[in-house]
Structure formats: structure tokens, C-alpha cells
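Everything below concerns the one structure shown next.
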């Protein structure tokens, strides 16, 4: 990808994206001449186009905004008036302190924020470790049945995690790690591996073979090439998949709820989503607590997303299916 | 966590040190095994083997907690296809299938349509990056969080005389109509939940399709312009065919994600209000009602439903390539 020509359209998104990802600033593509869609929008219905776009943007942000405003309102106000009437009533931070320190028989959320991090970080690192090794081998080491195995790993992406979940729970219980962080780390890693191998393999293949040959001539083995040549080059890909996996694990409910046994109250290893799900059931319509709890759980992924948006979107474009 | 990371790091470094000990042609083989082996082993034990057990499980009876998946003893009674029969005869389950069909048809098409519309409208507009982030943000929110956000929009105050604090009902009552209990009653609640999934997925569709639109070569557009094509015709005959493969990828990806998504229904009502879908029913049957055989059968059905979507996708790629 040395030229600035746009990647061909004919390929799948994966092809386009991989090509794009090889360039540093692929996503915010700037062009002088108009694109097809831009022309279409402008020449027919320019004012209408803007109106529709604004209506859509409003429809997509208003629900979140409404809950955000609610989370800063007093309990009585929330029940009496809609959040759009909030300006006439005072704001408060007490909902957040109530939820964080534990109110109305709820365990304090701070514990579960920690849990979510403890679950997410190794569940990101382990598949990254393993997948980068495997992807390297699939891309650059010649061994028997290489293509067959790679296709098999690729095909495993379509296996819904539901189909492996129950036996995994009992397997973990049998070896004595049922309900622990280990069960979550290992299952998240297993479910992430096929996609991770596939994505990283594609990125590794992009690296010119001449680089590797040069390293080999200098007497470097695969381990050294992997560390000193490949790993620095695919750091953006690792970051991209890392963020992807982090958001996935942080937002996961199904794996946590099955591995830890459904009840967040006694499972001291429960992540935030699980508690949120429980609160949503038990607190019913107590929106002053619900809204604050929801925003605490949303804050981390949204912060990660906003600060690392470029990498995340790139990962999204390169991949597709997950789970 | 530190312990876990340390163990992973030791294993990782150990593999590499072990691999680097071997040189030459034999070394090449050993290194390949050391690099690929752990992943293949991991996938086999934690993905393939459990999947096979689940398939076997679907043909057996019994409860979840008195069963041992791995061993031959106490695996319940062999019941043949009875669990699959239950899929059709258990009260409520046919509704689950119907709901799932609504989800898998409506979510991909509407999310893609909204995403495509938005991508087209804001393409090269001022503030494009911000406009995109607004639509994309729901992707970063967990489905549980998203469901809570929307529960508040749908909020229904049973007393029609008093103030509605849910946005939609406030609008409806302002227009002089009676408030609606959006998430309370089947079959309407299924569509209320589907709207949440569309809200989440449209950002994904928008991002991918926007990238595809930007990748259309200028020459094609210039040529079409010279031929006097513009506006909607340009979109219909130039843009849409050019991004066809991306549209298919987006449609199938969202369809698969939808088929497997359980969080929205779970966080809304747990599927108790006639709004359950297959993925949620898998959880309910396996753990709540303790019918792991039925749960396994549902998992297999999900797998079988995913398959044709993937096959269709692959065939489309072949055509394009």
C-alpha cells in the first residue's frame, strides 16, 4: 500500500480494511472531489438530507442523554416530571454516591468495577499472546496441514458460544475452578481465539516477505523474528484487537452469568454488567439508582471507545463476526 | 489478576524459550508446533470438545446439576429426538421461534438501512467525524446498559391521568393518545426490544458502509456524472452496486450477532413476557428451568440457523472474487 489510491471495492470489507489498516491514516480519508454518496445527497435534497441526518442523530443520542440527565436528578423529581423538565429542578450527585457505596441493600458498585477490570485485562492478554503466536506460524512458518488448520480455525468463528458454554461450565467445576476468575479468563479467551488468529494472521501477511528473509539471512530464528521484526510492526493490529476484545469482555453478560451461576449477590467475582442486570430486576423502577448505575457501567467502555476510536473502528472494519 | 497474568506470561515465555532451543529443519517443525500448538489445543479443549458434548447432550434427558458432561456415568436417559420435539410442543416455544424470526429479519435490514442512509447523508458533510461518533456510540455501551437506557424511554406510568416520565409516553399523551406499555405486552414488546438492537447495530453498519462508500473510485463517479447521472439515480446505479459486497457483509454480520444476542431480552424481562428469543431461551432452559437437553437442542438450532447465513456469505464472496 505505498500509493495513495483508494483500495479496490471489489473485495470484501475484510480485504478493503486490511489494505487500509496497513496505512497509518486510512480512515479519515480526505478527497478533493465528491464521492458518489455525497453527490447524491447534495444534488437532490440537500436541505432534506441535513434534516434527516439531524433527526437521526437526535434519535440516536436522546435516549442516552435522557438517562444521563436523570442520573443527576433527585428521586422525587424523577418520579414527578420528565427529564426534559430538569432545568427547573436542582441537580444532585447523591445517586452516584448511593450506588457506589451501596444503597438499599445493594452491594457497593466499586467492588464490581474492580471485578470487571480483573476479568477483562487477562481475558484480553491471553488470547492476544496465543493468537499472535499462532497467527505468526500460520503466516510465516511452513508446516504440514497449515492451510487446512487455518481454515478450520477460521471456520470456528461461526460456532455460537452457546453451543460450548454448558459443558465448559461443568468442565471448570470438575477441575475445581468453577465460579472463579479463571473460568471467565479461559472461556473468554477460547471464544476470542478464532477471530484473533484470523485477524492477526491477515495483518502479518501484509508485512513484506523481504523483511523476514533479511532477518533470516542475518541468522535470526522464528522466535527472534517474531519478537524483533513482527511484533513491533503489528502493534496497531494488536491494539485494535485488544480494544475490541476489551469492549466485548467488559460488556459481556452471558459468559459471566453462566460461569458464575446467575446470582450476582453471592458471586463476589461478578462483573458490572451482571450486577446491573440484577439491579434492573430487583430495583424495578427506582430510576435514581438505576440511571446512576447504568452510567457507571457505561463510562469505561465509552471512554475507551472515544479515546481509541481510530483503532477500534479499524478493528471493526477488519473483522466482522464475533461471539 | 496479577497471578493470572503472571501464569500466562510464564507459559508464553516458556513456549518461546522452548521453541528457540531447536535449530535447523527439525527446529522449524518444533517451532511451528510450539507456536500453533497452544492455540489449537486450547480451541480443541474449550471449543470443539464442549460443542461435541452439547450435540450429544441434546439427545439425553436429565437435570443440569446432577449431570456430568465429561463422563459416561450419570449422563441421563437417552431420549433420541425428544428434545427437538419439545422445541415445537412446549407451550411458548413456538412463540420464541416467531420472535426470533422477527429479530433476525428486522434488525439486519433496518440497522443496515439506517446505517446506509446516515452514511450517505453525512458523507463529506461538515463535522462528519462527530456526526459518526454520535451514531456509533451505542456500540460501546453494553446491551444491558442500552436496555436500561431504552427502558427509560419506554417507561410507562400505569395511571393515565398522571405525568408520564418516559419520553415516548410523554409524547404520545401530549398528542392526546393513551399511554402504551411498550415492554409489558406481547407481541408488541418484541418490536420495542428489536428497536434497541437496531439502535446498537446501526453504528456498525454506518461505519463499514461509510468506509466502502469512500473507497469507490473517483473515475466511476466522474464517468457517471458525464453521462448525466445524479442524485438518487447515482445512488441506485453507482453507489449501491459498488458497495454491494460490503452491504452483504454488514447484513450477515448483524444477522449472526442478532441470532446470538441474549442480553437485551434478559435485561428487559428475562423473556417472561412473551418476548423471548432463542438465545435467551437457551439460557432459560439450561439454567433456570433445568432442562439442559432442551437447552442443548436450542444451541444446535442456533448453530444450524447461523450456517446458511455464512454459506450465503461465502457464495457471495466467490462471485465477487
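One is the number of the first residue shown, and numbering goes on along the chain from there.
Backbone N, Cα and C atoms are what each Cβ position is placed from, and that goes for glycine too.
Here is what TrEMBL records for this protein:
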DOMAIN    A:113-308  domain 'ABC transmembrane type-1'
TRANSMEM  A:48-70  transmembrane segment
TRANSMEM  A:82-100  transmembrane segment
TRANSMEM  A:112-141  transmembrane segment
TRANSMEM  A:148-170  transmembrane segment
TRANSMEM  A:182-204  transmembrane segment
TRANSMEM  A:225-250  transmembrane segment
TRANSMEM  A:287-308  transmembrane segment
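Through the fold, the transmembrane segment (A:112-141) approaches residues 149-150, 153, 181, 184-186, 188-189, 192-193, 196-197, 199-201, 203-205, 212, 222, 225-226, 230-231, 234, 238, 241-242, 245-246, 249-250, 256, 264, 268-275, 296-297, 300 of its own chain, all at least 6 residues removed from its boundaries and within a Cβ separation under 8 Å. With pairs at least 6 apart in sequence, the transmembrane segment (A:182-204) and the transmembrane segment (A:48-70) have fewer than 3 Cβ pairs within the 8 Å limit; the two do not touch. Contact count against the transmembrane segment (A:82-100) (Cβ pairs under 8 Å) is highest for A:287-308, out of A:148-170, A:182-204, A:287-308.
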